[in-house]
Amino acid sequence: MAAVLALRVVAGLAAAALVAMLLEHYGLAGQPSPLPRPAPPRRPHPAPGPGDSNIFWGLQISDIHLSRFRDPGRAVDLEKFCSETIDIIQPALVLATGDLTDAKTKEQLGSRQHEVEWQTYQGILKKTRVMEKTKWLDIKGNHDAFNIPSLDSIKNYYRKYSAVRRDGSFHYVHSTPFGNYSFICVDATVNPGPKRPYNFFGILDKKKMEELLLLAKESSRSNHTIWFGHFTTSTILSPSPGIRSIMSSAIAYLCGHLHTLGGLMPVLHTRHFQGTLELEVGDWKDNRRYRIFAFDHDLFSFADLIFGKWPVVLITNPKSLLYSCGEHEPLERLLHSTHIRVLAFSLSSITSVTVKIDGVHLGQAVHVSGPIFVLKWNPRNYSSGTHNIEVIVQDSAGRSKSVHHIFSVQENNHLSFDPLASFILRTDHYIMARVLFVLIVLSQLTILIIFRYRGYPELKEPSGFINLTSFSLHVLSKINIFYYSVLLLTLYTVLGPWFFGEIIDGKFGCCFSFGIFVNGHFLQGSITFIIGILQLAFFNIPLMAYMCWSLLQRCFGHNFRSHLHQRKYLKIMPVHLLMLLLYIWQVYSCYFLYATYGTLAFLFSPLRTWLTLLTPVLIRYVWTLNSTKFGIFMVQLKSHLSS
């Protein structure tokens, strides 16, 4: 009965925790409503034609990571980008979406704002006069906010050396003869900014959300709105209704931050349920990626590019079906268009722009002005199904570039985004991590409590893996020193401070699983839950399993020396080696804590340093505990084996 009662209590706690998290995230009432989005009126004209009007283009660059210690080529290539690339493409504006500097220490573990990195960045902007050529909108990323106690701190070099030089979200309007286009910056950087890795997620509090809601309302009269920020929406903590809801009237959200997951996901694009595109651009740091985007007769197109690769080609009409959305743009203009339209740029003059549809040669596009090339077509010839358009551009130096995409002149056709990319960008990872963390903890506690209050085991069936595992859990749970050690470790991982130290240089604080207290502020937990999951999965639970296995060996009548002489090395040694590797991982986590947060954090870290020191003591106690403590278990096991 006690075991059933304990199970019900734990299950009830788990259900309550899940419901609380869902209510906190989605809310029930009293939250600001997202902007209303009435059905857009039909606007077939002006349709894309032979002229050079109703079009402008811009660039996005992200995660530059200028470093005083690593890869000086980042700065060299950025200077070339700000001179050569900008001069050739001549964008109306450039969005530099965060992590302008690296802000790491020499060994790449710690974090510190280096003024010389910011001076290098500003020096490039001034030397190339890029701010005289285009509107350069640079915003902060999490690296630009590392180790900054407040926005007014002298360490906040963004205020001194950037082009924008102002903290917080803002609204920039690009005015043209054919309408206004809004660009809204989302500043989700953490204030105060802790050292790495505890500011990987961005945070928008209620005040920031209200500011963004006002900016969204300001942009309602613009032809189009693009939101841009450093963090993906999946790595931003925001109260209900959530950042995605507030930006739902925008055609796209342009961001960086994830570095294409180290190259594992070179294309991180998706569409949210409200219709807004989310487009993460690859990093400049290692991959020298950037993006060109354009509005052509209010149809949005873009292409992700590699620096130094020419020609640069963007098909603006017909636009890609994958990135089309009738709720946000006048797709009917495609059906009424008279010309295929292409933007083509290169170091040398463009000599030919060849167009093919479904593999059929359609002709050579004619140069209109600047980078604009057009070719007359009849879209009604392609009124059914989907079609593939290919454009091949050559310049006078012999360079060639071929681009293609699928299009449709029917508005009811759709293509699906990569499911993994959609999962990465559309999932609130801090909520998933929080739920998973709670479930792991509750599962471990449930097992401990059930075996604690169940009766002594009766081994009736053959001693297979499951029976012996159950038996060892009984042993662990019914010997007080081991039961309370594991119980305390699990509860402490959830509730106790992991370490105390300088969260920011000169500012002391405590780190918990649910967040960080520093300098009078509370930073809500996000990456802390992921670190907590790693701690549970790679040390706490394996330690519990290793103790169970060792206690089982004791019940067989062995001590540490005798169990090594069983001549079962292939079964015994892998267990010890695996635990040794996990212990080394725990030791490394102590070193990482020392390198990132200093000596004080290293010394006052119960979950890292203290646990690392106490683990050998606990394991030694397992192997040296008086055999009389195992009396009833040894008798029962030997009786079962003999029978």
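Note: Cβ is positioned from N, Cα and C throughout, glycine not excepted.
DSSP assigns ASN180 (N-linked glycosylation site) to a strand segment in the three-state reduction. Cβ neighbours within 10 Å of ASN180 (N-linked glycosylation site), excluding its own Cβ and spanning all shown chains: 14. The N-linked glycosylation site annotation in Swiss-Prot covers ASN180 (among others).
Of all the Cβ atoms in the protein chains shown, 15 others lie within 10 Å of the Cβ of ASN467 (N-linked glycosylation site). DSSP gives ASN467 (N-linked glycosylation site) a helix state. Swiss-Prot lists ASN467 (among others) with the feature N-linked glycosylation site, giving sequence analysis as the kind of evidence.
A simple way to gauge crowding: the CB of ASN626 (N-linked glycosylation site) has 7 other CB atoms within 10 angstroms, across all the protein chains here. What Swiss-Prot lists as N-linked glycosylation site is ASN626 (among others).
Feature annotation from Swiss-Prot assigns transmembrane segment to 3-23 (among others).
According to Swiss-Prot, the feature transmembrane segment maps to 431-451 (among others).
Residues or ranges marked as transmembrane segment by Swiss-Prot: 481-501 (among others).
The annotation transmembrane segment is assigned in Swiss-Prot to 527-547 (among others).
The transmembrane segment annotation in Swiss-Prot covers 572-592 (among others).
Positions annotated as transmembrane segment by Swiss-Prot, on the basis of sequence analysis: 599-619 (among others).
Same-chain neighbours of the transmembrane segment (481-501): 441, 444-445, 448, 452, 508-513, 532, 535-536, 540, 543-544, 547, 551, 593, 597-598, 600-602, 604-608, 611, 618, 621-622, 625, counting only residues six or more beyond its ends whose CB sits under 8 Å from a CB of the stretch. When secondary structure is read from DSSP and collapsed to three states, ASN626 (N-linked glycosylation site) falls in the coil class.
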